[in-house]
Amino acid sequence: MGAGASAEEKHSRELEKKLKEDAEKDARTVKLLLLGAGESGKSTIVKQMKIIHQDGYSLEECLEFIAIIYGNTLQSILAIVRAMTTLNIQYGDSARQDDARKLMHMADTIEEGTMPKEMSDIIQRLWKDSGIQACFDRASEYQLNDSAGYYLSDLERLVTPGYVPTEQDVLRSRVKTTGIIETQFSFKDLNFRMFDVGGQRSERKKWIHCFEGVTCIIFIAALSAYDMVLVEDDEVNRMHESLHLFNSICNHRYFATTSIVLFLNKKDVFSEKIKKAHLSICFPDYNGPNTYEDAGNYIKVQFLELNMRRDVKEIYSHMTCATDTQNVKFVFDAVTDIIIKENLKDCGLF
């Protein structure tokens, strides 16, 4: 009888120990949700987590990006060529018209993700054309990848035999996120589970079941989107869409107790763009100076003022450049400290 009882006690103690360990593990598990409109930079943040908190990209993984990079480069020059017609811009050299026609034809016939020499030569000639450059300067009037200039101006390096993509090449590459991508890593004694969710409208209905037990939401908005329209709807300004989405998330009853951090991303693109395009394009009431600081701060205030519970709930915001590893490392470190502080506060230890 006694032996049976002590075995039961032992089993009970083991179970208690296991439950305690599980509870501690749960307390140290951080569920992070990356939300934001399409092309705001969510997937680039995920790539940075791999670089900063995992072991980065192996040679094999880098090589897998070549096809994506070539595909992005081709799509970018094709978008510019098509816009030449729509915007009625003349080529600086009329011979480029033939190059453009040849390129359109080749794009339909080559194997996807490859870059034959004849094609890269044509692309390089087109990119140097003054008409193409004038069209590139008007990129906000049509849909063009942010990485267009980065790849097109460096195409010679990208097509060198034996080319291996650099971390920056990988970070700049773009594949539309469909569905939900989970990344796991450890940092500051916490186990992170980060979920990247497709941002375009058709993808958003998949978010809802991710909402259970979220520790922190990182909402990403592209600062540079103030003069752009949606891929899905060319009547809707991207910044307005982003504000609308942020409003519905930060005031959602699901997230009443969830920490929310706002990344105002693409500050590098924004700092160049604001020199040329006035913020009043997006916010007609804005009559402040058209500088990076003033315009950037005005955008930040537009987001933060949407928080209906700002008397009790603080939303932390950061200006970010998702392709800059040091910047992301610094900001994510600050976010982690916020998460630790908020979690300790919840446990009554802070």
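Glycine too: its Cβ is placed from the backbone N, Cα and C atoms.
As annotated in Swiss-Prot, region 'G1 motif' covers the listed stretch 31-44 rather than the other ranges in 31-44, 87-100, 101-114.
Around the Cβ of K266 (GTP binding site), the number of neighbouring Cβ atoms within 10 Å comes to 25. Fewest Cβ neighbours within 10 Å among the binding-site residues L171, A322: that distinction goes to L171. Residue counts of the region 'G4 motif' (261-268) by helix, strand and coil are 2 helix, 5 strand, 1 coil (DSSP-based).
For E39 (GTP binding site), the count of additional Cβ atoms within 10 Å of its Cβ stands at 22 [all protein chains shown].
Within 10 Å of its Cβ, the residue among the binding-site residues S43, T177 with the fewest other Cβ atoms is T177.
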